[in-house]
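As written in TrEMBL, here are the features:
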- 12-32: transmembrane segment (TRANSMEM)
- 53-75: transmembrane segment (TRANSMEM)
- 81-100: transmembrane segment (TRANSMEM)
- 107-127: transmembrane segment (TRANSMEM)
- 147-165: transmembrane segment (TRANSMEM)
- 174-199: transmembrane segment (TRANSMEM)
- 211-232: transmembrane segment (TRANSMEM)
- 239-263: transmembrane segment (TRANSMEM)
- 275-292: transmembrane segment (TRANSMEM)
Amino acid sequence: MMQVSDNAKGLALAVASSAFIGVSFILKKIGLRRAAKCGARAGGGGYTYLSEPLWWAGMTTMLLGEVANFVAYIFAPAVLVTPLGALSIIVSSVLAHFVLKERLEKLGVLGCVSCIVGSVVVVMHAPEEHMPNSVKEIWNLATQPGFLAYAMTTMLLVGTLVLFFEPRYGQTNILVYLGICSSMGSLTVVSIKAIGVAIKLTLDGVNQAAYPYTWFFLMVAIICGVSQINYLNKALDTFNLAIVSPIYYVMFTTLTIVASGIMFKDWAGQSLSSIASELCGLITILSGTILLHTAEEGANNSAALLPWPLDKGSISWCISLSSDNLLKNVEEDYFAALQNSPAPV
């Protein structure tokens, strides 16, 4: 019987993970839409979606995808597994086009491609990380000045976005919700990694439950994870999935690489060519994000200029000429809009 290599197992798990996560975005979006008809929308602070079965189906599917992704790292290196996360964008975008009827313009498609290419370049040239041998070692890394500065900056940024920017721009600027979501997500990843190390060591016979660091990382993972899911729901409920998915992937991947690099010093000893490649990838990501925003703004402006279909019926204007000064009193005049019958002569 032919034996399957570990890399093949990791590849299969990574592809399955991306498929699950891509489908989960669609299920959650449908659940949020249905919940919005019965109560307050998630974008407006409502939690009606918690009683929607499809939303929970999406959460379950996403959980399966994350578990598959986690296990994939056991069999294959990160340079093989992480770039395949971009497949979830393709899956969700294609399904959004056919299921949700959300159209992605050509400029948006170009932005998606740029984001995916840039993210793949960054991940492919990212340095290999050092696997800690204990939770205490991770705690020592987490309490170093560099990562403490990153964590404090992240919390300050999240607090500013939540208190000042979300009430004013949350419904109009996608970076508000996704900025909060991605920032908290980067802290979630490093905390989950610590928990994973603790579980692995415990299964190997070295109990890590006695260390308070384990429970601290668990608490951080829960708080940050719940916050991440909450603001991702708001983003999905407010903006098109075809826009949310790639921007979320780009921001989350970038911030996670930065957080991991600072905490675990992944970039120590890296060659200049690899660093240059990563910078080029980041620039490509930034360019793709700008293209996505441009496509979204263009679609919104077009919708604002065309509030109703102009190809049906006709529009007739009736202006009062009783005034001596037509331009002076034009604001007092009136018009009748959108008649199905021909305009009166």
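Cβ coordinates come from backbone N, Cα and C, glycine included.
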Feature contact check the transmembrane segment (81-100) with the transmembrane segment (147-165), CB under 8 Å, 3 or more pairs: no
The transmembrane segment (239-263) and the transmembrane segment (53-75) contact flag, 3+ Cβ pairs under 8 angstroms: no
Beyond the flanks of the transmembrane segment (174-199) by 6 or more, those residues with Cβ under 8 Å of it: 70, 131-132, 134-135, 138-139, 142, 151, 154, 157-158, 161-162, 165-166, 208-209, 211, 213-214, 217-218, 220-221, 224-225, 227-228, 231-232, 234-235, 238-239, 243-244, 247-248, 251-252, 254-256, 258-260, 263, 293, 296
